[in-house]
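Participant: Please read through the structure below; I'll follow up with questions.
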Amino acid sequence: MRRLFTSESVTEGHPDKICDQISDAVLDAIFAKDPNARVACETAVTTGLVMVMGEITTNCYVDIPKIARETIKNIGYDRAKYGFDCETCSVMTTIDEQSSDIAMGVDEALESRAGEKIDIDAVGAGDQGMMFGFATNETEEFMPAPIAMAHRLSRRLTEVRKNGTLPYLRPDGKTQVTVEYENDKPVRIDAIVISTQHGPEVSQEQIQADLMEHVIKAVIPAELLDENTKYYINPTGRFVIGGPQGDAGLTGRKIIVDTYGGYGRHGGGAFSGKDPTKVDRSAAYAARWVAKNLVAAGIADKLEVQVAYAIGVAKPVSIIVDTFGTGKISDEEIVNIINKVFDLRPGAIIRDLDLRRPIYRQTAAYGHFGRTDLDLPWENLNKVEEIKKYL
């Protein structure tokens, strides 16, 4: 059976991604000084304006406007003709402390308050909710092919802009890849869409030729492209006005780009700007860690795990898996293995993945999962041999 599946990515200059990167840059700056800080940092951008807001409890000081400007500069918005300038944009901040009602449940989990003997790492979940982790063996990064290819294109767009190969490119951009599957295996790419911001002096014909040569052919395997592959490069015909001048941006608006490109389910919680007591982030990372190690151990060709929490409670309220008919053992047996090999209490996740570190800014563009260019703890295949003992 043949079917098509499509996923998109965006470059670091996309307005929503600017916000994610500022929020995580603030988190990293705080964690560099105070690893036990509580951070929920949200950012909004529009023409000439950055607003950073949220709840932060810490014993250190960081210069948030400076962090925002440096982040914007590193992305590439460093001159007025781009429609957004790190030097001249206004930066407003409005920060409160974390609610004491929330803090009391995170500081001491329900189990601890009830007198259960638990280890010191068992802090309560910072919120209720369900998180999903996914992995598939269809690519070397254990990610679905459509989102993996879309990220390769968006990273390459930024690379050729920053290294001067295509100096007329500007920071904003989006990519999209449609993959054709046969019998659940990716066999070819049916369509590629690239929209990239550019200077007014360049022709559409040059953009199309350059992106085909320096972006698409540079990162997409030739065997996946054929005479029937369709290419849509700047299909509107012009993309000069972009970034925050073209669209307002908000933290947490690219959660599907951040995860599995829609191929796996999503619990709805965003990642950027949140310290790891927020299970929206830490439990989603842990769920990916679980799923990837299970697939690497040969338990299934693809696997999704859902974990759910109650606010102020350490132990998950539920864990369930779906192997989409590819499992070598039953789903119930897989859940039993998860409970034996992994500790999914928030404090244990923070401990085992060493999450109280300034490692988050680098994840805020081009996806949080399948990052072969980064050393991320939730991508480590360090539980495979232990899992195999139970097979």
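Yeah, the Cβs are placed from backbone N, Cα and C, and that goes for glycine too.
Not my notes, these are from Swiss-Prot:
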BINDING   H14, D172, G173, K174, R238, F239, D247, R253, K254, A270, K274  ATP binding site
BINDING   D16  Mg(2+) binding site
BINDING   E42  K(+) binding site
BINDING   E55, Q98, D247, K278  L-methionine binding site
REGION    98-108  region 'Flexible loop'
Participant: Can you name the binding-site residues among G173, R238, D247 whose CA is within 10 A of the CA of D16 (Mg(2+) binding site)?
Facilitator: D247
Participant: Any idea of the Cα spread of the ATP site, H14, D172, G173, K174, R238, F239, D247, R253, K254, A270, K274, as a max distance in Å?
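Facilitator: Of all Cα pairs among the recorded ATP binders, the widest measures 36 Å.
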Participant: I'm trying to understand the geometry here, so how far is the Cα atom of E55 (L-methionine binding site) from the Cα atom of E42 (K(+) binding site), in Å to the nearest whole number?
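Facilitator: Answer for this pair: 9 Å between alpha carbons.
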Participant: What does the structure give for the C-alpha distance between K274 (ATP binding site) and E42 (K(+) binding site)? Integer Å is fine.
Facilitator: 9
Participant: How many Å lie between the Cα of E42 (K(+) binding site) and the Cα of K254 (ATP binding site)?
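Facilitator: Spelling it out, the Cα of E42 (K(+) binding site) and the Cα of K254 (ATP binding site) are 13 Å apart.
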Participant: Between K278 (L-methionine binding site) and H14 (ATP binding site), what C-alpha distance do you get in Å?
Facilitator: 25
Participant: Look at each of the binding-site residues, R238, K254, K278, and point out the one with the fewest other Cβ atoms around it within 10 Å.
Facilitator: R238
Participant: Averaging the per-residue pLDDT over the region 'Flexible loop' (98-108), what integer do you get?
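Facilitator: Within the region 'Flexible loop' (98-108), the model's average pLDDT equals 53.
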